[in-house]
Every structure is written in structure tokens, then in C-alpha cells.
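I have placed the structure first, in the form of C-alpha cells, so that the comments after it can refer back to it.
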Amino acid sequence: MSYLGVGVSPGTVPVYHSTNLKLLDKRIKIAELVLRFMILGLGVVAVVLIGTDSQVKVFFSFEKEAKFTDVKALVFLVVANGLAAGYSLIQGLRCVVSLVRGSVLFNKPLAWAIFSADQIMAYVTVSAVAGAGQSAVFAKEGQQELQWMKVCNMYEKFCNQVGEGVASAVVACISMVLLSCISSFTLFRLYGPNKTKSAAW
């Protein structure tokens, strides 16, 4: 199949722009680029804050060091944000190339791959933040029914830095969810009535 003498492989949508569509596409691309680099930056901040956090306390001449590896939810959070940051760097570079090159043919399998990866990363970051948030509440408030102590009363510095890391992870998580919505819109617009006018990403 070809358009204007240009060969188009199956699953590839030729791109045509009206002025309004071109402006909309550019704005969406810029929004995606900003979100991806936000996730990259915030993910790195969360990993550094939590991964480097530690505090030593002395109890009856015994030293006890608190570190993020003591809490499995924080380990998961560090890993999830590291993955999200690396993934966002790769996709951010793709967005930059797309903006520089302008409109190109958009491949549906690629759209599905990006959509699926964004959805997976969104679920991973949400679950990591939820687990870390619950652990943070227990560390801050304790649990009287289970006789769990308020750990943050003893490791205040450690908890404060972890809190900053979790806050960064929460913003990165929200950005990832918004990004998954953008990738959904980008994919499913290819199947709409104006699919031949959809933008390339």
C-alpha cells in the first residue's frame, strides 16, 4: 500500500497535519518530554536520598545502624524508581529525536510497546509508593495492637530523609500515571476516525 508513491508497511500510519492538529501534537509531545524528564530527575533524587540514608544509634553500649535495606518496602521503592528513571531517560531521548525530526510515520506496534511499558511502570511505581507509604506510617506512628514501636522517635534523621525520598517518589509516581494517560491517548487515537491525521511520536 502506498500514499503519493511512498511505500507504507502494514501497521504503519501515514501522518498528515492540519494546523490545529500539528499544534496539538507538538504540545502533547512537549508535555510528554517534560513529564519523562521530571520522572528521571525525581526518580534519581528518591534513589539517592533513600539509598544513602543511614543513622547510627547507641543502645546500652551497642551500636545499631538504620538503613534502607532494613525495610523491604524501601528496597522495592529504590529499585522501582531506579527502573523508572532509566526507562524515562531512554523514552525522553526518543521524544527529543521526535521533536527534532518532526512528523514521521508512526508504527502501531511501537505505539503498543510504549503504551504497555508506560502502563507497567505506572503500576510498579504506584505499588512501590503505596508499600513505602504504609511502612512509613508504621515507623512514624507505630502499632499498639501489635506492640510495634515508633521507630522514628529513635531514628529521627533517618526518617526525615526517607520522608523526603518518598515525597519525591510520590511526585514521580503521579507523573508516571499522567504519562500513561498520554501514551493511551497517543495509541488509541490511531484507531479513531481521524487516524490518518494522527501525529507521530
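Every residue, even glycine, has its Cβ placed from backbone N, Cα and C.
Keep in mind that what you see is a predicted model, and the values were worked out from it rather than measured.
The domain 'Casparian strip membrane protein' annotation in TrEMBL covers 26-174.
Residues or ranges marked as transmembrane segment in TrEMBL: 33-51 (among others).
For the transmembrane segment (71-90), the residues of the chain that approach it from at least six positions outside its boundaries are 36-37, 39-40, 42-44, 46-47, 50-51, 117, 121, 124-125, 127-129, 131-132, 134-135, 139, 162, 165-166, 169, 172, 176, judged by C-beta separation under 8 angstroms. Look at TrEMBL and you will find 71-90 (among others) tagged as transmembrane segment.
If you look up TrEMBL, you'll see 110-130 (among others) marked as transmembrane segment.
Marked as transmembrane segment by TrEMBL: 166-188 (among others). Same-chain neighbours of the transmembrane segment (166-188): 28, 31-32, 35-36, 38-39, 42-43, 45-46, 49-50, 77, 80-81, 84, 111-112, 114-115, 118-119, 121-122, 125-126, 128-129, 132-133, 136, 199, 201, counting only residues six or more beyond its ends whose CB sits under 8 Å from a CB of the stretch.
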